[in-house]
Amino acid sequence: MTALLEVRNLTKSFGGLKVTNHVDLTLEPGARMALIGPNGAGKTTLVNLITGALAASGGSVRLMGEDVSALPEPVRAARGLIRTFQVTRLFGSMTVAENLRIGAIHRQRRSYAILRRTAVEQALDEAVARVLAQLRLTDRADTPVARLAYGEQRLVELGIALVMEPRVLLLDEPAAGVPQSESHIIMDAIDDLPEDLGVVFIEHDMDLVFRFATEIVVLVSGAVICTGTPSEIAANEEVRRVYFGEAAH
Amino acid sequence: MTSFPTRILGDLAVPLAGLILLALYPSQQAFLAQIAITAILVLSLDLVVGFAGLATLGHAAMFGAGAYAAGLYALHVWSEPLTGLIAGALAGAVVAGATALMLMRAHGLTFLMMTVAISQVLYEIVSKARDVTGGDDGLFGFTMQPVLGVWEFDFFGKLAFWYSLAVLWIVFVLLRRLMVTPFGQTVRAIRDDAGRVGSLGGRVYRHRVVVYTLSGGIAGLAGALSAQTVQVVGLSSLSVTYSAEILVMLVLGGTGRLWGALVGTLVFTVIHHYAASIDPVRWMLFIGLILVVIVLFLPGGLTRGIALIHAWLTGRRAP
Ligand SMILES: Nc1ncnc2c1ncn2[C@@H]1O[C@H](COP(=O)(O)OP(=O)(O)OP(=O)(O)O)[C@@H](O)[C@H]1O
Ligand SMILES: [Mg+2]
């Protein structure tokens with residue numbers, strides 16, 4: 001089976017600073033990969049390089065066997081490579097349902113439709129309603145996102161990605177800023193995703209990491225220092241020293 | 001989603017307002033036609049400024065292009081008005097589409113300066129091509145055939161009024177529809193966060209080019225109407241000053257809500273009409289003061305004010 005996502009030798013420098021240092025990653029179908037590392041380790045940058053939001057200085061990204069390194073971000077997204085943002089980026093003038101609808105419009109390739117056709121509208125409405133229900137946002141559908149609490153905004157951020165029905169989903173700290181009492185809604189939604197999908201999630205909360213990850217990648221100063229199953233990572237001396245040592249103070 | 005009666009009422013607002021204005025000012029039909037034409041232009045501007053979120057000072061370029069195209073068409077090709085409208089709309093769309101290919105690569109202040117530059121280049125070209133355009137003297141000497149072969153243009157602007165009102169109505173209703181289509185919603189999403197749309201697979205540049213071209217076509221249509229009803233086309237129709245003036249109208253009424261374009265045009269033109277007859281020199285000062293007050297205290301324009309009052313009266317929160 002070909003891997004969903006294969007990152008080889010990915011490198012990025014900002015001026016003299018190597019923010020991503022020869023990173024290799026392989027994401028198999030069904031994987032739930034946690035990307036962990038201290039602040040400033042280059043986790044978000046790595047996501048930006050994989051999606052094409054940032055141009056890499058070197059290396060390659062393959063999506064379902066195909067080299068997408070030269071493709072712009074929207075083309076990679078249209079092929080099922082979808083991400084969420086660490087700092088919520090919603091369509092601020094719109095309601096919850098309208099935000100998800102923008103995702104559905106792109107998923108169903110209707111962004112040039114200048115007629116309101118019933119069949120098209122129904123398909124869009126259905127896709128939106130499904131994700132609203134999944135994230136328990138149905139009664140918030142018509143609320144402007146600007147009026148939501150931050151935790152709910154994080155749910156909408158995730159919802160926009162879910163409605164895209166991604167093949168590979170990159171989640172940048174999906175539960176950050178969400179009250180403990182609601183973070184399970186986000187993690188449940190991630191748990192409910194189709195089996196064959198590949199998920200990479202950046203997360204600082206080690207409880208969530210060890211509960212949901214099938215695989216953990218540790219990034220320090222732009223380089224992968226260690227990859228393994230949760231139990232391997234928990235037992236790894238170097239990780240304990242570099243990562244948990246730093247996080248513990 | 002608005003309810004059915006509200007939607008129908010919205011669609012009927014333009015002819016209703018037209019009839020009310022006609023009853024109030026029965027002897028001013030040429031003036032009312034002017035308002036309707038300007039409203040079409042300001043609606044097209046709202047598409048770019050309000051819905052796509054691109055501030056421009058070059059929108060009159062497309063209006064002028066449409067006006068000159070319709071004038072030349074009537075003079076040299078055929079003086080039939082409806083095909084003349086199409087000629088004007090095409091000219092506006094071509095100017096917008098061609099310049100959008102460059103413009104939409106720019107952002108912010110660079111974008112704004114480029115809209116001014118393109119406008120001025122066009123102005124210079126039209127001004128220098130005296131043989132074709134009449135230069136400073138303007139383009140005139142064309143007469144129009146009756147609309148649909150039935151309704152003659154008249155000296156009092158009676159036909160001009162009905163003709164312009166009908167076109168405004170059609171444009172307004174179609175734009176209202178467009179805003180709730182997937183395309184319209186995508187354009188709004190791009191305004192809110194273009195990068196986010198890109199992350200979903202959206203092609204921001206292409207959508208901007210399309211919406212700008214469409215807007216240019218409508219501006220050209222307004223230009224053609226102006227040429228046909230006034231039967232003179234002047235250089236000022238292309239000027240940056242005029243672009244600024246219609247932007248003031250839009251901001252006055254409120255951007256991004258179509259209604260704002262109508263209200264802003266009406267209020268601006270009526271103030272202009274009266275204030276300029278009271279004090280032809282300082283009326284602009286008056287408009288300026290109103291604009292400052294709006295920008296400072298009511299950033300959503302007059303229609304935002306109306307929405308707030310309505311919400312307050314009905315005890316609901318304003319949208
Ligand atoms: N556009 C940029 N220009 C210059 N330096 C940048 C840029 N973006 C990120 N950096 C730097 O790259 C490094 C990695 O940043 P990044 O945001 O990827 O870290 P992160 O692991 O996501 O951190 P956090 O856990 O705080 O989100 C940081 O030192 C940051 O200052
Ligand atoms: Mg980060």
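Glycine is no exception: its Cβ is also placed from the backbone N, Cα and C atoms.
TrEMBL: automatically predicted annotations, no manual curation.
As recorded in TrEMBL:
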- B:7-25: transmembrane segment (TRANSMEM)
- B:31-54: transmembrane segment (TRANSMEM)
- B:61-79: transmembrane segment (TRANSMEM)
- B:85-104: transmembrane segment (TRANSMEM)
- B:155-175: transmembrane segment (TRANSMEM)
- B:209-227: transmembrane segment (TRANSMEM)
- B:247-271: transmembrane segment (TRANSMEM)
- B:283-313: transmembrane segment (TRANSMEM)
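Sequence-distant contacts of the transmembrane segment (B:61-79) (same chain, six or more residues past either end, CB-CB distance under 8 Å): 41, 44, 85, 87-96, 99, 115, 118-119, 122-123, 126, 132-133, 139-145, 215-217, 219-228, 233, 235, 237-239, 242-243. Here the transmembrane segment (B:7-25) sits against the transmembrane segment (B:155-175); at least 3 CB pairs are under 8 Å, leaving out pairs fewer than 6 apart in sequence. The transmembrane segment (B:155-175) is in contact with the transmembrane segment (B:31-54), judged by 3+ CB-CB distances under 8 Å for residue pairs 6 or more apart in sequence. Put simply, of B:31-54, B:85-104, B:247-271, B:283-313, the stretch with the most CB pairs closer than 8 A to the transmembrane segment (B:209-227) is B:85-104. If you look at the transmembrane segment (B:31-54), the same-chain residues 6 or more away from its ends with a CB under 8 A from one of its CBs are 18, 21-22, 25, 62-63, 111, 157, 160-161, 163-165, 167-168, 171-172, 175, 179, 184, 187-188, 190-192, 208, 211-212, 214-219, 221-223, 225-226, 229, 246-247, 249-250, 253, 255-258, 260-262, 264-266, 269-270, 273. Long-range Cβ contacts of the transmembrane segment (B:85-104) within its own chain (Cβ-Cβ under 8 Å, at least 6 residues beyond either end) map to 61-63, 65-70, 73, 77, 111, 114-115, 118, 122, 167, 205, 208-209, 212-221, 223-225, 227-228.
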